[in-house]
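Q: Structure incoming, see below.
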């Protein structure tokens, strides 16, 4: 047999026997040996070891808390992504496809499954054991959809360019993660949040073997993922398994809990024709696809609820304000928090009419008089150039739900002497619009931070901005107390993007970010603070 044929046969036999090929990275975790892949990125000096689809839990039993992954025999193949958790997208087919497109959530290559509690690790090749800062990402998706295996969240660029270890974890969403069943104890209602905590526990036990330092873990997440980060900060595990937190377009301290999950559960069991006396077992016995079809058709929302302090502190904002270096219920870790200039555009798409009714629904405690005052404060000229949506409504929702909470949480953290930084993302590019005039829309910064944005048709300023944002996030993760590279709160915020738009792009000399007082973006926040205070400054 020819030498080349012998070599090929040898490699095939090695792989078939469960042993890694010689050039594949291997790691020994507490559950066993894993083999991954090594990859090189253009213009990067460091290769990246990728370990994909690592189980951090047993295949979960529907509606039960997660349990740690068992040991495995032989070598575990960590070269491919595992399935996403069961996804939920509401509305007619056209609406669902539009949401998937806007939030870069294509059909998963390995499908969806309830057996989905896996994570992915991206590490610089050759990293000494326990030596690198770790960034732990939690995805967004309204707690209804999302996956750690989306191309948008590929951590290779971060690992190669900034010498950090990136961990991206799945967690259960919608009814599979937040059932709302009265037959479950309160401490088992937020299963998706328990999944996140078990993944963090896995990081503490295992990340050193991949080159990460378990004592230097920084959380980061966007939207629902940022809310999850804040929930971990405001009600942390013991001992605290992270040293910093980044919240992109989300938080939990000013979020107003509701009873959606409990109401949705009742509607689910009715639509499924289950006996209320035995509803939990009835729903457990249904195929996952049927459950998903019902909750999508009925537009049922399942989200985190207060759970007796297991994962969700009901007084997170008060605890932050009352925190001192000597006594604190929250984790007193440095934070980086921010939002996008046009958060509301895609979130209010199709709501061009009936603005008053929409605000009465979406702003808690609103009266007709209060809504009229809001509309008077937000003139028709707000955020010019936003077509397809009502400009007033988009601006109000963007400020109320994202910009002003970032201001309040950031400034109150700084007042409690917690090192705090804030940013604003204000850029849009020709190759990355949700629709014409969508601006700096909700989640549009993620691809720039991960370095996974669309390179086709990219502009030089887009590339410059991506490099700057990724560096700032990595610098914060490496030294949270030192910050991301600009003055801390309460005085200054960093504005990334210079307000560029598809028809007005920046040049090579346009700065990636400028530091100012944020007045341009915060001018209406005084309108909302009384609403936040009414609902979140009460220990009763």
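Any Cβ shown, glycine's included, is placed from N, Cα and C.
Curation plays no part in TrEMBL annotations; they are all automatic predictions.
What TrEMBL records for this protein is below:
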SIGNAL    1-18  signal peptide
DOMAIN    24-479  domain 'Carboxylesterase type B'
ACT_SITE  223  active site, acyl-ester intermediate
ACT_SITE  343  active site, charge relay system
ACT_SITE  442  active site, charge relay system
Q: Would you pick out, from the active-site residues 223, 442, the residue whose Cβ has the largest number of other Cβ atoms within 10 Å?
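A: Checking each of 223, 442, the winner is 442.
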Q: Could you list the residues of the same chain, at least six apart in sequence, whose Cβ is under 8 A from the Cβ of residue 343 (active site, charge relay system)?
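A: Residues satisfying the criterion: 249, 397, 398, 401, 402, 403, 440, 441, 442.
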Q: Restricting attention to the domain 'Carboxylesterase type B' (24-479), give the mean pLDDT.
A: 92
